[in-house]
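**Q** Take this structure first; my questions come after.
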Amino acid sequence: MPSDCGDDDHGGGSAPAGFELQEDPSFWKDNNVQVVIRVRPLSSGEISVQGQKRCVRQDSCQSITWTGHPESRFKFDLVADEYVTQENLFKVAGVPMVDNCMAGYNSCMFAYGQTGSGKTHTMLGDIENGTRRNNVNCGMTPRVFEHLFLRIQKEKEIRKEEKLRFTCKCSFLEIYNEQILDLLNPNSVNLQIREDAKKGVHVENLTEHEVSNAREAMQQLVEGAANRKVAATNMNRASSRSHSVFTCLIESKWESQGINHHRFSRLNLVDLAGSERQKSSGAEGERLKEATNINKSLSTLGLVITNLIAVSNKKSHHVPYRDSKLTFLLQDSLGGNSKTTIIANISPSSCCAAETLSTLKFAQRAKYIRNNAIINEDASGDVLSMRLQIQHLKKEVSRLQGLVNSDKAECTSSSGFICESPSTLKWNQGQGSFSPLMFDKRAMQRKDYDAALVAAFRREQETEAKLKAMIAAKLVAEQLATQRAEEVRSFKMRLRFREDRIKRLEQVTSGKLSAESHLLQENEDLVKEVDALRGLLDRNPEVTRFAMENLQLKEDIRRLQTFVDEGEREMMHEQIIVLQDKLLEALDWKLMHEKDPINKDLSFLGESADEEMEFIRLQAIQNEREIESLRKNLSFCLESKEKLERRVDELTLELEAAKKYHEESEAVELQVQTEVDLHDLPDAQTELKTLVDAIATASQREAEAHETAIGLAKANEELRTRLTVLIEDNKRLVELYEHAIANGEVNQDGGHPAIPQIEGVNEQQSSHSYGGAAANGVLPDDKPESATILPADNSSSEVSDSKIMDGQCNHKDNFSRSELTDLQLQLDEMHEENDKLMGLYEKAMQERDEFKRKFFEGSNSLTTVDTQYEDVEMRDATDDEDLEVKHVHDSAISTFKEILRLVRVKLKNVHDKLVTTQDAVEYFKLLEMASTKAEELSASIQHHCLELKHDQEDMNALKAELSQSQESKEALESKYFSPVASCWNLDLKTKALVGSKFDVSLELLNQKKEQLSHLQTLKKEFSVASTKARESETALRSKIDGLKVKLRSFEAQRKEAERVLFAIDNIDTSTPTLSKPVNFGKASELLRSEEERTKLLSELKKSREQLIMVQKEIKSMNRHDDIDCKIASLESEVENCCLTLLEADVEKFVRDNTLTEIWKEEQKDMDCLLVDYQECVFKVNLKEEKIRACEESLQHQTRSLDDMNSKLNQAMRDLGEHLRDRTPCDLDASMLHVSDKVKGDLDAMALHVAEAVQLLLVQGENQTNP
């Protein structure tokens, strides 16, 4: 299929030539997210708007370039061009996903892209016909379920012994306007999403149906798809207005080696609604609301992916899954426990360049998501492994007990040796293993064991502490997540309050709502908002931070406590060592006094051996089971290998067939270029008609030549049959002749009875030959040229046969029209020669009949001669002249022998000519076969030419009907859409007038409101500042008054002090010891009062200055009294603007009513027109499909006609080679054809037979006339 290409001076790319998708089997081992880009073909609407201009260029099967300014190159896991079929895409993306589900991984696949980019076609496709093999447009979801249940069936067959059981449950939901709807139960609406530890994220009360095969799953899919919200927009006639999620829960249970396994996985197939722009889609009313919700959820999806990338880079800690129902439901698929495939659908058209770039960027971000996929499997009842573990533990306990006992014995013996008791020394000499050196070594080993035990205890405690800390952190994190969700909910509530407030203000502005009701609702909303803020305050982020710090401090305290406890643990460890030493001494003493320790040791060894044997037996059983499982796996692998090899062979054959078909299609396209383009269709039709006429003319001519050749071949076949009969007659004649010779020899020895019979036969032959010769005008003594030429031709016939075979094998020249004319002339000549040959054959048959007649007459005459001879002999017996008669009889016998010799020579020549004639018959057989083949091919060509002509006429008639249907369609379309266009134009005109007035009024209103708010703010600021200034003035005045009072009091005190000092100075100084301290205290008091007075004066001065400044400010504020006037004027202007807006709204309402009435009047007639228009569209589509089918049939017939023409040319070349090779090339001989040779041979045969007959007749006459 040729690729569409378009050139663009501004970066328009061209269509790629097509890249083969390659599956990587090891991809899912290292990755959990796969991103696939799928490019859809250009639509007819895009071609009509932008032509073949493209905005993307594919570089390989993993890279694509956006050809805008500047160019951007993107690399993904797979890039599928517009030529990739649904089957190929499923093999590289759908099959691995099913395999992951069967292995126990959660899997998810969703399609992303703008509206009309092919998401629903990719995910669902044509689901009306189910999962039939011939349905090439079947999407991912049906193919996934078909492959899934095939895998389940194979797993059941392979693992029959494990009692494998599968259970599949399907559910189908859609998210429409942020509400979850159950597509399998339309009565269930507005379902809720729940999350718990057991089920994870799930939808409450969602319908689940258990399915057992692909047909039942498809039935659920079709039933749910029929309930899905779909509407038409400017960009897509069947645009999905919701997100759909088809979920399949797969559970499997089996038993293996005493273990009950339970594996489960979840498969999500998501079809997202397309992002769209209001300008491009023309969404209004309900469609606009749907588009808003769709874009909101898709933007949340992009935000979630961005935050996931940030989390993987340790730059963020929060992912807003709960901001939309879609992301909350797909929480596990995005950054969770799942293997996810994202198929980003894009349009290559230049008119969708911005949307395509946005989709490519989204897919590039999605490549960096990191999921943590694990196998969901549980196991229970592992009895055998538990028994093995028990045996291991028993053996380990026995070994440790033995070590402990030996250490205790050594410690006891060592202590006894130190005490130097005689019994102990004697026992040590007998054992020879409890020396002081060995004691030190075992003591060191014991310390090592103790240290290892202590370390194990410590690790166990640390693990328990960490586990508790993690559990506490998890609980805190869950609480924090709950708090964060509540915060988000409160913020949304506040946002909703604000939106409602804005709407009410708009209603108050437009006069639809009174001020009192507005204030009441405002008060209620404010109360609710205050409650929400209080709740938010209770869940303050600072509280969260403090809680986390509290946990951190608790962890630090635990670590410190661990360090403190280690000292106590060391003390306890020392105590345990001391106790162990004492225990060892006691055991050593007990061991020394036991009578038969060896028997106990042997019994202990026997028990340990029995336990070890039991352990070995269990281990052997385990090994046998493992070997059996490995054998099963090996057989399964071998079967899989054989299946893969068979599949590879099948694919190789399919590839070869595809290549062959591709080459044939290219050859046909080079010979007959019948393009579907309507602009070039008339020229292509003219060329095709000319070619068909030329082929028909050539075929007719060849047919005439073939008919001539076929007639000649039939005549040759009849001649060959007659020649065969003649040869048989000749053989019978030769046998009769030989029998006559044998009888003659016998009679020569014993008498003369056979002579009359031989003479009769000769007479019959000579009469037959003579008659034949006379009939052909040939005298007995004449020898025609053919008698001398034919022997040479007999030798050259073998050379001619070899030339024929060489010509059939080596002749490679093309058969031209001139050669066809020459062959036709040669065939005409051979036909004439064949007629001559048939005449000769009829003459030969007449001669044979005459020969038979004369043969019977001769036999009768010989009978009478016999009787005469008997009478003569009887007379001669009695006569004395016996000797003379005997002499005459001997001379007659010698003459008869000579005649027989000549007849034998003639018959031998006849036999040779018959052999040559048989070669000619074989040649005629070859000619007949070649001509028959040519006749069949000619008849087939004529039949195909007639069919081709008939199909061409049908296609022309269909095209005429198509043009008529298109004209009627255009007429109905113009008639149907003209009222819409008129209403639309009227709407645009009135909307422009009213809209401009409304926009100007609204802009002016906003400006006035801003000025009014600014002036009101200034007024409030001035009033607040004035109030503060007056308050400060009052405070300063009161302060000044207080300072003046204090100053007066200080003045009075100062005067009193001066008076006292003056009085003291006037007192008698007779008592100086008492007056000095009093004077000093008064003076210091006076100084202090003076200082305080100075301070008061400075403070008073400062307060007065501040008072002057405040008074100046108050005076300056009093100058802004004109603000109230400005505010009043602006309020009046705002009221005028509101009235203007109301007028514009009324005009808009009147305009809408007018348009509605006009539309209702026009809509009455549009229903009938719509039915006619749809019927006309259906007819046009039907005619186009028929024309396409006719064109395909014409192409197929043209290819068949070319093949038959080539075969016919080859057959004609073979026939021409036969004719040319049989024509002699010797210039000395006459240019004779094969029929001439046969004629000459027959003439020679007739001559020889005539001569033989003549000889026999002469002999007979001599005998009859003695």
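Quick reminder: no glycine exception, Cβ is built from N, Cα and C everywhere.
According to Swiss-Prot, the protein carries these features:
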REGION    1-22  region 'Disordered'
DOMAIN    32-369  domain 'Kinesin motor'
BINDING   Gly113, Gln114, Thr115, Gly116, Ser117, Gly118, Lys119, Thr120  ATP binding site
COILED    613-668  coiled coil
COILED    817-854  coiled coil
COILED    1029-1060  coiled coil
COILED    1084-1120  coiled coil
**Q** Summarise the model's confidence over the coiled coil (613-668) as a mean pLDDT value.
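**A** Average per-residue pLDDT within the coiled coil (613-668): 72.
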**Q** With Cβ-Cβ distances below 8 Å as the criterion, list the same-chain residues six or more beyond the ends of the coiled coil (1029-1060) that contact it, or say none.
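**A** Distal contacts: 1082, 1085-1086, 1089-1090, 1092-1093, 1096-1097, 1099-1100, 1103-1104, 1106-1107, 1110-1111, 1113-1114, 1117.
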**Q** Taking the Cβ of Gly113 (ATP binding site) as the centre, how many other Cβ atoms fall within a 10 Å radius?
**A** 27
**Q** Once near-sequence residues are set aside, which residues in the chain of Ser117 (ATP binding site), 6 or more away, have Cβ atoms under 8 Å from its Cβ?
**A** Arg40, Gly274, Asn345, Ile346, Ser347, Cys352, Glu355, Thr359
**Q** Tell me the Cβ contacts of Gly118 (ATP binding site) under 8 Å, same chain only and six or more apart in sequence, or just say none.
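**A** Expected: Arg38, Arg40, Asn345.
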**Q** Relative to the Cβ position of Thr115 (ATP binding site), how many further Cβ atoms are located within 10 Å?
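**A** Total other Cβ atoms inside 10 Å, all chains included: 25.
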**Q** Could you say whether, by DSSP, Thr115 (ATP binding site) belongs to a helix, a strand or a coil region?
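**A** Going by the DSSP assignment, Thr115 (ATP binding site) belongs to neither helix nor strand, so it counts as coil.
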